[in-house]
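Student: Pasting the feature list from TrEMBL:
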| type | residues | note |
| --- | --- | --- |
| ACT_SITE | Cys2 | active site, nucleophile |
| ACT_SITE | Lys598 | active site, for Fru-6P isomerization activity |
| DOMAIN | 2-218 | domain 'Glutamine amidotransferase type-2' |
| DOMAIN | 282-422 | domain 'SIS' |
| DOMAIN | 455-593 | domain 'SIS' |
Amino acid sequence: MCGIVGYIGKNEKKEVILNGLKELEYRGYDSAGMAIYDGVELRHFKAVGKLENLSSKMSDFTSAGAGVAIGHTRWATHGKPTEINAHPHLGEYSFVIHNGIIENYKELKTELEKAGVRFVSQTDTEVIVHLFEFYNKSASSPFEAYEKTISRLQGAYATLLITKAAPNVVFFAKNAAPMIIGQSGDEFYFASSDAPLIGLCDSAIYLDDGCYGFADTSGNLKIFDSDKKPFNKAPTALSKDKGYAQKGGYRFFMEKEIYEQSAVASECLMGRISGDEVCLDIDESVLESRDEVVLCACGTSYHAALTASYLLERLAKIRTKVEIASEFRYKSPFLNKNALFVVISQSGETADTLEALKIAKNAGLKSLAICNVDNSSIVRLADAVLLTRAGIEKGVASTKAFATQVLVLWLLALRLAKMRNTLSPSEFSSETEALRGIPAVLNFAPALQERIYRICKHYLHGHGFFFIGRDIFYPLALEGALKLKEISYLHAEGYPSGEMKHGPIALADSGLYTIALLPSTCLYDKAISNAQELAARDAFITAISPEPFELADDYIATSKHSHMMSEFFEMMVVLQLLALEISVRLGNDVDMPRNLAKSVTVE
Ligand code: M6R
């Protein structure tokens, strides 16, 4: 995810910006850049890859003297991670950096191109700087030109702009992407989160959506709200703890990532549903004439694959197989050349999945990677790629990566359904309507977490957990059990509800915790009967359902939904929070559980 830092003052600007960007490194990025006005010249530098590359490109450059500077780390969304696409973007005499997505950039670009403007990058951001220079030709001041520019933008943006037309000024604007401003004497600091400001300012102003304005080297700061009225929000004291700031105020990265799921789901769906159509950002020739899908992954990504197998068969009516990558590698798999081979990996570096992909490619299968990390080994090898756009995930226990994998796989199932003509128009539109609603489903109130924290004290003893569910709620049960195992070190299994009576029910007694997923949209009566069988053997039952279950020892109420995927995503959050809070109560390291690594590059 991109990061923004800006500075106005007399200190060595290059260092202030590099240090600030360093604090945002944890968010992940694939290129970086900065623009600096040092009182004499406006210079810019860009580099692909790590900040060290940018720093070494600038090693001979110093920027003493009062001036302004803006810097950016970019996580590619529109266009590849190249130097041209890295920020800042240049007009003729101005530079801009931006986080977010300008949704109407195509129409703005067309308009500007008709006026003779030449674009060099593939990004949406570049329109901002050209629009500014276009308006600046006729505006009474650069600020008026900036105000006009911002009024034309639709979508999400946190943006800073510097220009030779007003060399001592930083223009800023914010909508649906974070931007804060700190002041210390006559120095100003800008950033997309508070981590770069810690230690430099005691407090900062958190801009509201629609705010814009400017600050300058004479200590002036003017902020306006979306009605163009002065914005007078009082500064908020900044934490002194950088680690806390990186976690956005949450105790753990995993907790922050659970809360981020709504936002990353929006990002994941952006541009991929248009009206009732699903538009995948790939060359669709890989999908054509396929008569089978083989999904291959490990761990949580394997659970996303299992979930997708239900969606692909039900919606696209295509034969689907799911393979655990480490097993697939050595089983001499029978491979059908007309199958689409889909690998799923948040890191893109998992050795088993990468090797499985090589086997499928060597056998002549078309391949598709669903991955969170652009340029990773798996991404580079696959014929086509759908990025999940979850942003960097720090918690070893995967949460938002899983949510976005399932979303992308659902989109894939719908695209194949369209190509194979397996859904009626009304069935298709109820799917796209449900998909659009997922960011809202993932937006939960902290009261849910408090409730889960309270009931978790019941679960610290006993001899194990069974997570049970049917249909797509079976892979979700597997995922709930894996989350709990990973960070609590308690024994947990996921099982299909109907399978308990074939053996595992022998374990049922009052020390066995059963987490029963009882969605109202999917085999409710059947799932209830299975939970009753366990209750009759005195198992401790936690029901997760929109319907109260009279035999439950604990009950976590979910909302009523009309689509089973909405219930799936709401229950997913409950299971993630359950694992988190049990782990917290046990005093474990939530983000770095013992024996586990974020990227498993060994066999
Ligand atoms: O990076 P990948 O998605 O390929 O990783 C696969 C598994 O190692 C991973 O999902 C693991 O199970 C996580 N720790 C789950 O939380």
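A Cβ is built for glycine as well, from the same backbone N, Cα and C atoms used for every other residue.
Predicted automatically and left uncurated, TrEMBL annotations should be read as such.
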Student: Can you name the residues of this chain that are 6 or more positions from Lys598 (active site, for Fru-6P isomerization activity) yet have a C-beta less than 8 Å from its C-beta?
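Tutor: Same-chain residues close to Lys598 (active site, for Fru-6P isomerization activity) (Cβ under 8 Å, separated by 6 or more) are Ser347, Glu393, Lys394, Val396.
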Student: Determine the mean pLDDT over the domain 'SIS' (282-422), rounding to the nearest whole number.
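Tutor: Its mean pLDDT is 95.
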Student: What is the total of other Cβ atoms whose distance to the Cβ of the residue listed as 'active site, nucleophile' is within 10 Å?
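Tutor: For the residue listed as 'active site, nucleophile', the count of other Cβ atoms within 10 Å is 26.
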Student: Look up Lys598 (active site, for Fru-6P isomerization activity) in the DSSP assignment and report helix, strand or coil.
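Tutor: Assignment for Lys598 (active site, for Fru-6P isomerization activity) reads coil.
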Student: How many helix, strand and coil residues does the domain 'SIS' (455-593) contain under DSSP?
Tutor: 66 helix, 27 strand, 46 coil
Student: Per DSSP, how many helix, strand and coil residues does the domain 'SIS' (282-422) have?
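Tutor: DSSP classes over the domain 'SIS' (282-422) add up to 63 helix, 29 strand, 49 coil.
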